[in-house]
Amino acid sequence: MKRLLKGLAGVAGAVALAVGGTASADKEPIKFALLQDFTAVYTFVTSEYNQGQQDYLRLINETGGVEWHPIETIIRDTANEPQRGLEAYNRARREGAVLVDFFSTPVSRAAVNRVLRDEVVMITALHGRGDASHGETFPFVFPMMATYWSQATLLADYIDRHQGGLANKRIALVHIDSPFGREPLPVLQELAQQKGFQLRSFGYPSPGTEQSATWSDVRRYRPDHVIIWGAGGGQQVSVREAIRNGIRPENILSVVWLSETDARNVGGNHMNGVKRFEAVAFGQEPAVIQDILTHVIEPGLGAGPAANVGSSYYNIGVATMAVAVEAARLAIGEFGAPLTGDKLRRGFEMIEGFDARGLMPPVTITATDHQGGGYGRVSQWNGQTWEPLTHWTNAFQDIVWYEIEKDARGFRDGR
Amino acid sequence: MFYRLSGIHHTRYESARALWPVTADRRIILGLLLLALAAPFLLSDLYLTSYMLPWLIWTAAALSLTLLMGIAGQLHFGFAAVMAIGAYTSIHLTRAGVPFELALLGAGLMAALIGCLFGAAALRVKGLYLVMATLAMQYLVEWTIINVPAISGGAQATLSTPDVTFLFVPLQSDGALYYTALLWTVVVTLLIMNIKRSSFGRALVAVRDKDFAASVIGVNPLKYKLLAFFASSFLGGVTGAVLAFCYYQAVTPEQFGFNVSIQLVAMVLVGGLGSVIGAYLGAGFVLLLPIVLTNLLAFVAQFDLIPISFNLLSHIPLMVYGALIIGVILFEPLGLAKIYDNIRKYFLVWPFRHTQS
């Protein structure tokens, strides 16, 4: 029965491809598994992120595929539950997926040992373990964008260079009380020693819808700058509470998870001046997004509402797939088809100075550095859009790599 | 008819009190056990590692909880925390060089100790108030794990399980992991069935039904409530360790969050409070049904019959799942176990209609 169903599914897939008439159906497909959380915790980002990924892959398929190989996606909901993620992963692996993207920290943490054993590439852009940047320890895991440590050092560097220096300042880190919220602490503590500023961390309980007690503590501390570190609904609460407690919006800096939706929810022009770390450019101007508009959205092939195209999280999704497709292209060019997990890994490690035509900072991934340099920039909400304040840059990578190596060593010893 | 009673007469108490006095039941159990033993040879690795293995382990967890909630009547909404204590204790013990067999014991004892501490609240409060006390346990344990890096494993808050052997077999292959989990689940199953027919079990039931009445007939509620918490937390702790070593192979605090506690309570309730077969059915329902529904829908969706967005598509299983839970509870408030019981009773006297009990 199972075999029969599978056969039917195969026939149906073939028919759909033939009828759909994609330009690139003449070589065997490359399978990417996007097994993400559409229904539980990450819903604030997943739908836009996944839409960006699908639209970009559609664009690739519409314009000839990867060296004439079309890309097929396996998309499943995991509800942020490790056991469902692992089931979906095992299934996708059997169907021949060479790349997985869980976009969920608990699931990708549970999957690390398995992808290393099965030789399947796992991308963990802006989630998962920061120490996976250590390529020798985690050969099949690719954070491929700035880790949370690099984001924290970049924000501190911005204060140092553009907001009057770090020395003798009081910096408050207001974070969700979870491993994710505590992640920037070690690098900021190290920086506080080097640069001579005071740092205090203030945790608020998950999920962050109620933070007023924390922020009265923050007010008493009289910080010069506040770094907010949360995700989802808690972020707009943080911004609102910060402003209510007399902190000027210019002095609020955020981790990457702050979007135009949060600005709308904070309301009015209250959020004008708030700054965030940005890993990928915002808006519809980048050339890739323009191509998606012409080839995918206008013919009506988009995977979701056209209004999302160019939003912060949509563009992050596009960027992840742009890097993955570039890696697949390099791997097929160098090692030939069919693409395997190991070939794709080596493809990733050949990426050099790739910026997806201006969508993202130039990324160079090597066998040792899977973070790609830790580049990003600081942008500011001006009421309409996120206005970049700096060029693409990175900061204090020595401190970041000290942490990466320390944790990667712990992972090796723990086995 | 199918569960034939003719020819079964008991001349001794031992035979009347046997676990399965009816021949047909024994045959079914034997058949299921043989199937379970042969599963690694019958099923592909996908179904073995992604369906059977987690199902067995979650069944053991649901059985541990049903001892407390179903048999002893003490509500517990923080059972995932109990399992977390077991998982973290076993990992830290094996990392310190303790053999895995002893680490399992240590996991159980540590969970039982801390479980009893919070269970002590049960001596004073009942019902919804006990729910609050156990909820406090859930959050306190989670908070402690997250905030003490020595427990959670530093900034990444992930601990990989070290390579261990269980009864001289290295826990590496899918088969070894599966048989370890199967062994533990069978042990827990037999234990709970035996508790139910022993004086200990009857004392727990007496406390559940009315604790002061139990006290009048000479059952000390204080002692038995604490014993129930101790036994259940011990089993839960070992199950947590088995879950960590045989299934996740890396533990993080999120794996034992509040939603997991709620899932465990749902398994026990949907399966049928205090029922052993209910724990199996409930764990299957809560754990596997969402996966099956998701895959079923993804299969239907690839025919492109109706154009719906993926976002909606991924929410449909939730709607169906919710409707099914309400359906089960409306159709049979005593849970899936009672549905099986009704079917069994129907066939007991088939083709006649009326059953005695």
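Heads up, the Cβ atoms here are built off N, Cα and C, so glycines get one too.
Curation does not apply to TrEMBL; its annotations are automatic.
Fair warning: this is a prediction, and the values are worked out from it, not measured in the lab.
As recorded in TrEMBL:
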TRANSMEM  B:28-48  transmembrane segment
TRANSMEM  B:55-88  transmembrane segment
TRANSMEM  B:100-121  transmembrane segment
TRANSMEM  B:128-146  transmembrane segment
TRANSMEM  B:176-195  transmembrane segment
TRANSMEM  B:226-250  transmembrane segment
TRANSMEM  B:256-278  transmembrane segment
TRANSMEM  B:285-306  transmembrane segment
TRANSMEM  B:318-337  transmembrane segment
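In this chain, the transmembrane segment (B:256-278) lies apart from the transmembrane segment (B:100-121): fewer than three C-beta pairs between them fall below 8 angstroms, excluding pairs fewer than 6 positions apart. Residues 74-82, 84-85, 88, 114-115, 118, 121-122, 152, 157, 253, 256-258, 261 of the same chain, all 6+ positions outside the transmembrane segment (B:128-146), place their C-beta atoms under 8 angstroms from a C-beta of that stretch. Sequence-distant contacts of the transmembrane segment (B:285-306) (same chain, at least 6 residues past either end, Cβ-Cβ under 8 Å): 50-51, 54-55, 58, 263, 266-267, 270-271, 313-314, 316-318, 320-321, 324, 328, 336.
Taking every recorded stretch in B:100-121, B:176-195, B:226-250, B:318-337 and counting its Cβ pairs under 8 Å to the transmembrane segment (B:55-88), the highest total belongs to B:226-250. Cβ atoms under 8 Å from those of the transmembrane segment (B:100-121) belong to residues 74, 78, 82-83, 85-87, 89-90, 93-94, 130, 133-134, 136-137, 141, 164-167, 171, 225-226, 228-238, 240-242, 245 of the same chain, restricted to positions at least 6 beyond its ends. Within its own chain, the transmembrane segment (B:176-195) has Cβ neighbours under 8 Å at 19, 33, 36-37, 39-40, 48-49, 52-53, 56-57, 59-60, 63-64, 66-67, 71, 166, 169-170, 201, 204, 231, 235, 238-239, 242, 245-247, 276, counting only residues six or more beyond its boundaries.
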